[in-house]
Amino acid sequence: MPRGTQNSHQTTAQQSCTLSINREGCMKITTVGVCIICGIFPLLILPQLPGTLTLAFLTLFACVLAFIPVKTVRYIALTLLFFVWGILSAKQILWAGETLTGATQDAIVEITATDGMTTHYGQITHLQGRRIFPAPGLVLYGEYLPQAVCAGQQWSMKLKVRAVHGQLNDGGFDSQRYAIAQHQPLIGRFLQASVIEPNCSLRAQYLASLQTTLQPYMWNAVILGLGMGERLSVPKEIKNIMRDTGTAHLMAISGLHIAFAALLAAGLIRGGQVFLPGRWIHWQMPLIGGICCAAFYAWLTGMQPPALRTVVALATWGMLKLSGRQWSGWDVWICCLAAILLMDPVAILSQSLWLSAAAVAALIFWYQWFPCPEWQLPPVLRAVVSLIHLQLGITLLLMPVQIVIFHGISLTSFIANLLAIPLVTFITVPLILAAMVVHLSGPLILEQGLWFLADRSLALLFWGLKSLQEGWINIAERWQWLSFSPWFLLVVWRLNAWRTLPAMCVAVGLLMCWPLWQKPRPDEWQVYMLDVGQGLAMVIARNGKAILYDTGLAWPEGDSGQQLIIPWLHWHNLEPEGVILSHEHLDHRGGLDSILHTWPMLWIRSPSNWEHHQPCVRGEAWQWQGLRFSVHWPLQASNDKGNNHSCVVKVYDGTNSILLTGDIEVPAEQKMLSRYWQQVQTTLLQVPHHGSNTSSSLPLIQRVNGKVALASASRYNAITHGDCPLIKLSIAINSKDINGLILHIRVK
């Protein structure tokens with residue numbers, strides 16, 4: 001075909017494609033993508049899901065709108081339909097937690113992952129003899145199964161499950177949101193278990209073989225994490241190093257690894273086409289083959305939600321590429337994000353999705369508004385400059401998302417990623433992938449050489465990361481808006497807005513800094529009851545300072561201080577000055593060591609004769625930030641232990657007060673009231689012993705005569721704490737009723 005005829009043919013084809021997209025009655029694919037994103041986005045902010053009647057009405061209303069021949073109206077109709085789809089998907093996942101909680105369930109569970117000991121991930125495929133679809137995911141904790149366990153096995157179990165619920169504290173990790181995004185809404189334990197299908201899946205057999213092979217290597221756990229997505233065995237110390245240096249993203253099997261596997265496979269296929277006849281060579285083959293290999297690799301790593309989302313994004317990009325049209329970076333970004341949300345609407349809750357989407361959006365914006373300088377440099381130096389330019393953009397533009405998700409940033413992440421990204425992406429991961437392939441059939445000496453090189457590359461990586469000083473800093477909530485300053489300054493600089501619109505630039509800058517100028521009102525103080533599960537942790541705050549009353553729980557893997565209280569204090573920009581321990585029980589002092597490690601100069605008061613503890617006994621009183629603290633129980637310090645030795649403290653500002661009672665029970669209440677009943681009247685009462693029936697006697701309720709009663713009792717607690725009828729009666733009588741596990745009261 002002559003050149004002129006060929007160009008004319010291509011132009012006509014492109015025009016016809018454009019006309020078919022834009023003619024009346026059709027919609028652009030990017031516009032549909034925006035409708036999907038807008039329709040599913042409310043799942044991120046809705047406090048509760050609409051009911052069935054509401055969804056039926058919205059569906060009917062959307063269908064009516066769809067018949068109106070106005071594009072904008074049809075876009076609204078489409079958005080409403082996607083909203084209904086998102087709500088139905090969320091209801092399907094929440095169904096298991098709402099239905100299966102409480103009663104014992106006879107179920108068949110397919111194991112999907114395990115640490116080989118007491119933590120097992122699975123899916124309930126059959127319930128009470130009936131198959132259910134989609135199979136809800138669950139996590140089983142606390143016990144060994146009767147025999148060796150591996151992924152792919154099917155077990156018949158009697159289960160006691162409940163819905164995953166997270167703590168409600170600001171600045172902490174939301175385990176419920178994470179569990180729903182991972183399609184694992186249930187947590188529980190098994191009462192009986194017997195194996196039905198003992199054979200492991202092919203992936204589990206391959207993983208077990210790799211684990212045996214990698215035992216001699218120092219960094220075997222990290223290799224399995226990078227190659228197979230197995231992070232359960234990665235030591236906590238390694239995870240902390242990667243978190244502190246901002247390199248934890250490299251451990252996840254996500255876009256970077258799977259896209260690289262697709263690129264590597266596409267390159268090999270493209271190279272293999274050299275040996276094929278010309279009629280068999282098509283440009284689509286490397287593209288399709290790369291995506292297929294990426295899907296296989298995602299399956300090999302367990303098809304975890306981040307990996308599955310990457311495959312969906314790659315497939316979407318591949319289809320856009322195969323269409324033969326030109327797509328901008330933003331078009332591809334919208335279509336990929338929309339495809340992910342359409343396939344899995346609850347992915348909108350996933351922090352990893354938002355981090356990945358924000359990273360891609362930041363790179364598109366960065367290269368459009370601040371492209372890499374076109375300097376005449378040698379190739380190696382040019383590559384270094386390009387890497388620095390890329391990492392600088394990611395570091396600056398991802399700051400807002402990092403603060404919202406992680407509530408902090410790493411000061412060493414820029415330098416750490418300059419080393420880690422090229423080393424892991426271009427050396428470690430290719431070596432691991434090659435070794436995994438050779439492990440199937442290749443020469444043993446070659447496989448050992450590849451594993452050795454991968455292990456040494458990781459040794460080099462962590463030597464570099466450990467040599468960096470600990471750079472993680474927690475960021476207070478008031479810095480959130482200021483973190484958008486890189487975006488703002490880049491736009492101002494490129495548009496020369498500081499000259500054309502100086503007033504607007506100053507106004508926006510002042511608005512971003514406004515939270516930093518706000519100071520606590522000196523005439524107010526705050527009382528916070530934190531959600532620490534079945535424990536107690538309260539905060540008395542004034543003028544940016546705080547005193548803690550109890551420090552929550554401790555467990556083998558951590559404590560409330562490290563995971564809940566410290567992040568919450570940092571997020572609210574509060575500096576603790578002291579700790580009052582009510583008594584020695586672990587659900588009240590569990591977080592003390594972590595808090596003292598962070599703030600070693602804190603004073604401590606307790607009723608026990610512990611070293612370095614100031615007394616917390618009847619007659620003790622002190623002033624702090626204009627508040628008066630007075631102790632009303634116990635009578636004297638001693639080595640006595642138990643609930644009835646709890647330190648009872650009253651905090652008073654001259655008008656309002658709160659009585660902190662720890663875990664005192666009826667005998668201690670009666671003794672305290674027999675002598676000092678005039679002094680316990682208060683505005684707020686922290687309910688003794690989490691609202692247990694062994695506490696909160698009628699005389700105490702009558703003498704306190706409070707307006708608000710606060711009970712710290714966890715959901716699903718085994719002994720129905722928080723169910724004291726006298727407390728319910730008192731709250732019903734008084735003028736103010738407050739429900740929930742978190743309380744924030746401002747006292748004037």
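Each Cβ is built from the backbone N, Cα and C atoms, and glycine gets one as well.
When TrEMBL is compared with the stretches 246-269, 486-509, the one noted as transmembrane segment is 246-269. When Cβ-Cβ distances below 8 Å are used as the criterion, the transmembrane segment (246-269) is approached by residues 222, 225-226, 228-229, 231, 234, 239, 285-287, 289-294, 297-298, 301-302, 304, 306-307, 310-311, 313-314, 352, 355-356, 360, 409-410, 412-414, 416-417, 420-421, 424-425, 429-430, 433, 465, 471 of the same chain, each at least six residues removed from its ends. Within the chain carrying the transmembrane segment (418-438), a Cβ under 8 angstroms from the stretch's Cβ atoms is held by residues 210, 223, 226-227, 245, 247, 250, 256-257, 260-261, 264, 297, 300, 387-388, 391, 446-447, 450-451, 453-454, 457-458, 460-461, 464-465, all 6 or more beyond its ends.
Long-range contacts of the transmembrane segment (381-406) within the same chain, counting only residues at least 6 positions beyond its ends with a Cβ under 8 Å from a Cβ of the stretch, are 351, 354-355, 358-359, 362-363, 365-367, 370, 372-373, 375, 413-414, 417-418, 421-422, 475, 479-480, 483-484, 486-487.
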